[in-house]
Amino acid sequence: MDCWQQIKQQLRQRLNAHDFSAQNSAISQYQLEFTPDSASDDVLAWLKGQCCYPQFFWQARESATQCVALGQVNYFTELAAAQAFLTAYPMQQLQLVGGLTFEGEAHFYLPRLWLEQRAQTWRITLTLSADDQQSAVEAFLQGLSPPLPLKQVQTTLRLETQNYSENEWQALVGEALAQIEQGHFTKVVLAQKKTYRSDTAVNPYDLVAQARVQHADCYYFLWAQTPEQVFLGASPERLYQRDRQRLITEALAGTAVSSDDPQQTEQQQQWLLQDRKNIHENRLVVEDICAKLANFSQHLDIESLTSRKLSYVQHLVRKIAAKLYPDADDSTCLSAIHPSAAVGGLPDRAALNFIATRQNFRREWYAGTLGVMSLANSEFCVAIRSTLLNQDKIMIFTGAGIVAGSVPLLEWQEIERKAAGILLLFPA
């Protein structure tokens, strides 16, 4: 009997021992720890083998731990309801996965199966509720499959549509600059969507595996509510990380070129750290985040300006730490911070109204936030540098912050560089 058959057998034993007639607790959890047969086993490969939905993959930027959520016990479309659910079970350390779309729609769920990979140790958690039927959970366990090997993505993409041509984009940037000059807002983040078709089917799990190799120091995520539509990405940007009342966030805004040429990259870094327009853009995001945090924080610490280098671009970044008041929870933090000026604009209302009325598509999960939420600690990324796979269509999203001094042509070149970085995942 292989490792995965043993796990299924042990989970069935826990299930058979569970008293479904008892009403002592609405939520029960059973945990197993094990070491896979092969040191090369990967939770992403395991997720690739599963046919149950929803599915969620998560690896935080500064963590080697990889997490997978499969199936659902509870589902929440209101942030307040998700927070209230966690608060109702303070002793069980429940974790919800999901997040908020750019427009603020909440999607959180309590997974049926939660799998964590820490080095060679895997921990699997099966969650049951008082409303569950034993036969339904048995069918879920029966459907679990062994991992499938991760493979190199090999396909050719053909550009089908882009929401803005170069001329249309520059005209939109010009419109935004006119609004800035008239004092309607000081910053707005505009977005582009390109739709491609591939000559062969693209596997989303292979794509995330490739992103982990090609785009270091990022958040890696995959969110699939159905097999037909999968949202995934490798984001450099943290929304926030919370450990009880300690919260860490960042202002990531301001962009320059990064390349394989060390000398050019260094020159661009020095230029970026001294460029008034980019420093101004970053400062606006710092001020926005701090103003929002001030309403429920005892004090704030802002670190010095530095840069973060990626494989294709580099950004200005300032880290911000907050000590939260005791009654501040994730519902408070998410509602206040998202969307920040790094992806929306400043002031919020005017910038978001411009986006809603002048942009020709809804962003939905692009520039939304995804992560893992619990009472004790939580972490969310900003869902940028992302791709939506919709059957045979591949949609790539990019954005650029527009402030006084922005040059329309340079903003076009910036979103093209960002798109090129994502396209690196699709070698012909």
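In case you wondered, yes, glycine gets a Cβ from its N, Cα and C as well.
Here TrEMBL flags 166-418 as domain 'Chorismate-utilising enzyme C-terminal'.
In the three-state DSSP scheme, K187 (active site, proton acceptor) is classed as strand. Marked as active site, proton acceptor by TrEMBL: K187.
The active site, proton donor feature in TrEMBL is assigned to E237. Within the same chain, residues at least 6 positions away in sequence whose Cβ sits under 8 Å from that of E237 (active site, proton donor) are Y219, E250, L252, A342, C381, V382, I384.
The secondary structure of E281 (Mg(2+) binding site), as reduced to three states from DSSP, is helical. Within 10 Å of the C-beta atom of E281 (Mg(2+) binding site) sit 28 other C-beta atoms, taking all shown protein chains into account. Marked as Mg(2+) binding site by TrEMBL: E281, E414.
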Three-state secondary structure, E237 (active site, proton donor) (per DSSP): coil
Densest Cβ neighbourhood among K187, E414 (recorded positions), 10 Å radius: K187
